[in-house]
Amino acid sequence: MIKKYIPVITIDGPTASGKGTVAQLVASKLGFHYLDSGALYRLVTLSAINNNVQLDNELELVILIKKLNYNFLGKEVYLNGVNVTTLIRNEKVSNNASKIAKFKNIRKELFKIQVKFRKFPGLVADGRDMGTTVFPDAFLKIFLTADIKQRTKRRYKQLMQKGFSVSMSDLLINLIKRDIRDKTRNLSPLKCPEQAHLLNTSKMNINQVVNQILDWYKYKKN
């Protein structure tokens, strides 16, 4: 299968570990395509909320996915022709996206979408199970982590910049709960993939993280 020869870099990690920003920059530097797998779960969640679909109704959510009208244009995300890039990042959508991720058939449907992002000349995919489940044959696997307090500060800054009013203490609690959900779910739990580079970004800036990943890629490629 020709897709096996398309290089994939997976960047997994918990919420606010920096994987999204880092993955976008790495993809840009290499001229690769980019997959934000979490955005797909958020799109399903937002669509469910907009259509009054219960978030615990797996069958209805699967039907919703099959009809999902979405588009990724660079860093922008569209749902039914409307730019929802900022909206899908609010805490209500993010928390519920983590909850629907436990459903087997939802993961199965989104898996079909995710693997289609693998195109020449290559792909950088970020998420929680990119290196373990979606692209287990990835050329390079990265797992980012960071201190929970540092991640809370990052998430707080992200939300404030997007105009959302949030409490630092509430964010900390939400991150802890989300980590537990992600790590303990039966299907594709959050964990460091085999043969992945583990990188703690607590004391690193974005450029340092990006450069480290690019160095690993170049070293392995050569």
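Cβ atoms here come from the backbone N, Cα and C positions, even for glycine.
The structure displayed is predicted, hence computed values, not measured ones.
What TrEMBL lists as domain 'Cytidylate kinase' is 9-217.
The Cβ neighbour count for GLY13 (ATP binding site), using a 10 Å radius and every protein chain shown, is 26. According to its DSSP assignment, GLY13 (ATP binding site) is coil. According to TrEMBL, the feature ATP binding site maps to GLY13, PRO14, THR15, ALA16, SER17, GLY18, LYS19, GLY20, THR21.
THR21 (ATP binding site) counts 14 other C-beta atoms within 10 Å of its own C-beta, drawing on all protein chains shown.
The average per-residue pLDDT of the prediction over the domain 'Cytidylate kinase' (9-217) is 95, rounded to a whole number. Other than the site residues GLY13, PRO14, THR15, ALA16, SER17, GLY18, LYS19, GLY20, THR21, same-chain residues with C-beta atoms no more than 8 angstroms from the centre of those residues' C-beta atoms, the ATP site, are VAL22, ASP126, LEU144, ALA146, ARG151, ARG154.
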